[in-house]
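To start, the structure under review is shown below, and the notes come after it.
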Amino acid sequence: MTPAVEFIHTSRHFGAVRAVDDVNLAVKPGEFFAMLGPSGSGKTTCLRLIAGFEQPTGGEIKIFGEPAGGVPPYRRNVNTVFQDYALFPHMSILDNVAYGLMVKGVDRQTRYREAEKALELVKLPGYGSRKPGQLSGGQRQRVALARALVNKPRVLLLDEPLGALDLKLREQMQEELKTLQRSLGITFIFVTHDQGEALSMADRVAVFNNGKIVQAGTPEEIYKRPQSRFVADFVGSSNVISPEAMQRMGGKAEWASLRPEAIRLVAEGGVPAQTLVSNFLGSTTRLSVEAEGVRLHVMLPAGERVPEPGETVRLGWNPADVHYMDGAA
Amino acid sequence: MRSDRHTASPALKIAAIGGLLFLHLPILLIFAYAFTTEEKSYQWPPPGFTLKWFGVAWERPDVWQALTLSLKVGAIATAIALVLGTLAAAAVSRSKFFGREAISLLVILPIALPGIITGIALRSAFSILDIPFSMWTIILGHATFCVVVVYNNAVARFRRTSGSLIEASYDLGADGFQTFRHVILPNIATALLAGGMLAFALSFDEVIVTTFTGGQQSTLPIWMLEELIRPRQRPVTNVVAMIVVLATFLPILAAYYLTRDGDQIAGGGK
Amino acid sequence: MSTATSNSAVLEGRSGITARLSDLFWRRPNLLLILMLSPPLLWLGIIYIGSLLSLLAQSFFSIDEFSGLIVYEFTLSTYKQLLLASNFDIILRTVAMATLVTVASAIIAFPIAYYAARYAHGKWKALFYLGVMLPLWSSYLVKIYAWKLILAKEGILTWGFEQLHLTWLLEGILSLPVIGGNSLSVSYLGTFIVFVYIWLPYMILPTQAALERVPSNLIEAAGDLGATPNQTFRTVLLPLALPGVIAGSIFTFSLTLGDYIIPQIIGSSRLFIGQAVYTQQGTAGNVPLAAAFSVVPILIMAVYLWAAKKKGAFDAL
């Protein structure tokens, strides 16, 4: 099947800065794809390359099999939801949403009808006559979404779409975006630095660092089997253990990650550790301990006795749960 | 002064309000003189008040000629300044290129250097090139120093217009011209209007450069200058002065209201 | 919108000249940049810089004393003439006036700027802003004319002194050497007052802008650390406002240096640089000397701007 978006040895260098460096990537049609990474890792530049705001300095990009080189953004059937929403302040909401149809020469009646429909889709029916300044952040976000979707793009790009929203709204929008994507069947590519958001929403995730993709896979793969220390560190709450410490704990002399919920407290044997502090999280309690000079997190199920700070405990785990990986940070 | 946010000391208040009065009272005085019955001197208090000088000024062809020329020069110079200033501002704002600073300096220079230097420089260039003085030589000079006010207003507005708006327009399928017409122009329109009004006010009032670039032609300020040096009918000058004050207040107020959320009225100077 | 093209990932290029131009500019952004820059650059570069250079060139020529024609040969003799006592006096007189006007403007402007920046809010703030803006933009000649009315022997100021029975004071001031004269409108004092009046708004605006940038918690911090209001003013506020005052002084100084109309209408018959340029190129017909004279304010301002830049005044503009 032709990928929706394909990067083939694509690079974007700004002078000596390698914002995107020899990236290979194939996003499947209809997929909800997340680009995850710290700021400056190249994920936003990748998005801009797809939208056409940047041109690759090396390699190429194909959109549904068609080479995108030299195609200006206004001739790509790809739309973007901008981080700051970029709603036109001088236009009403309806005109904002109808803008894409207007510049394509769609007649007034049709484009307003389509715009109204798009507003209904994002649950803002009847807001058309307001100005962007009169809406809340969450509402503006929905308008930006409607303005992009009304063009029926083959690919929708979302640049940190939920970054400016507060927690509750963010969780609600995460669900809505996911539902919307399923029902429309459009390929969504979204950029985020929030690993929780990426893991919970995406079908697949690409983790970026220094202009390269360091790992791509399903959220579960990324979470359970990080291929490098960087991914383990960035993606999660996983315990990252150095080769020396791992060896002293009875494992191989390699970098390893061990998920907190895989560690249990045992009565005998195991690895001795010093309790540092405990955090009550509701259904679980997160215990911080120090073993062999490494600080580890342990998840205690509710109901289990919580050791006092300073108390010595013994840690046990199934060796199969230890995930060895590349040491690159 | 410790209670900075609450009240000012009386001395400060008096100094501040006194300063403002110092700025405004002389202009108000013009209004009183426009109605005086005294013809030969600047006698205060006026011996009596009359409206007849408005009629006399109305009948004077030289005033009308000067006014017409000033309006023409102002309109054409403003139009040129609008085009040049907007182009320069757009170029400087849209990309970082070598020599941006130099362009800002070049635009500001005609107003930063004393007007007499701009004036005499243009005059010597005209005489070297054998260009006869006309309305167009006046316009040439005015447009040169009017560019800066349009430029400053446009640059300030471009800076406030987020770059992602333009990208959003491209993204939604608008090409360069459509983006200019539907997004850029509506966003900078009020700044251009304000810049244009200030440019017009600047041109309408300019006298120093004009004395060098105008030949036998009199703009309104040149007419006033002649009346100041060799008064012919003082009350007519009083009336014209008052009308000029009123006429310049309107564009300034309008420019203020057009740009007050954010931009300052940029530029200035004679 | 379910046509075949809209479903393709890359849309067909639209036909028409604007669409094709758009594509061209998109592919070659530098072409667009050059097209945008060339009209203003050509205008200012050729007309304005060209004129300035031609003026500069003239200052290196001289005038033949007998024929009155310009001798197109490189010489520094015109510049030497500037050092003649009569010409040098003009320069000194102008620089002294510009300095005094700048100092006086700074002193009068500061309370207005301070009040507007720190105490005026809402409507009052707008009122102060317009209160400075309107005189700034009012007709320059009308303002001078207003002062001619005020300072005239029969004008409102003389009348005011009479009403207050202070005529002796006015006469005392006018009888002072150098600054006095027959009436205020033909004295240096009159010239000085009008200069200060006309350029004052140029001092207020940058000073106010600089004061507005001083965060109010800084002042509270100084007070909190035990500084008296006077100490706070001297050690915190004044140093932070200084770049604004210097920025304002660029205007007041430069504008006074180059003005020739104010001293011509209100003042004694002794010349300032601007008047010297005007008479040399006009009635005297000595364009090289006029050009040399006009280089003087350019040089002074270049030095002044260089010094101001070191003090960080440009950030306050």
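Just so you know, glycine gets a Cβ as well, placed from its N, Cα and C.
Here TrEMBL flags B:67-255 as domain 'ABC transmembrane type-1'.
Under the heading transmembrane segment, TrEMBL lists B:12-35 (among others).
Same-chain residues lying 6 or more positions outside the transmembrane segment (B:69-90) and placing a CB less than 8 Å from one of its CB atoms are 103, 107, 135, 138-139, 142-143, 146-151, 153-155, 158, 188, 192, 195-196, 199-200, 203-204, 217-221. What TrEMBL lists as transmembrane segment is B:69-90 (among others).
What TrEMBL lists as transmembrane segment is B:102-121 (among others).
According to TrEMBL, the feature transmembrane segment maps to B:133-151 (among others). Residues of the same chain lying 6 or more positions beyond the ends of the transmembrane segment (B:133-151) and with a Cβ under 8 Å from any Cβ of it are 69, 72-74, 76-78, 80-82, 84-86, 88-89, 107-108, 110-111, 115, 118-119, 122, 126, 192, 195-196, 198-199, 202-203, 206, 209-210, 212-217, 219, 266-268.
Feature annotation from TrEMBL assigns transmembrane segment to B:239-258 (among others).
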Close approaches to the transmembrane segment (B:12-35) from elsewhere in its chain (Cβ under 8 angstroms; 6 or more beyond its ends):
42, 46, 49-51, 53-54, 235, 238-239, 241-242, 245
Are there residues at least 6 beyond the ends of the transmembrane segment (B:102-121) whose Cβ is under 8 Å from a Cβ of it, and what are they?
85, 88, 91-92, 141, 144-145, 147-148, 151, 206, 208-213, 267-270
For the transmembrane segment (B:239-258), find every same-chain residue at least 6 residues outside the stretch whose CB is under 8 Å from a CB in it, and list them.
27, 30-31, 33-34, 53-54, 56-57, 63, 190-191, 193-195, 197-198, 200-201, 204-205, 220, 223-224, 227, 265
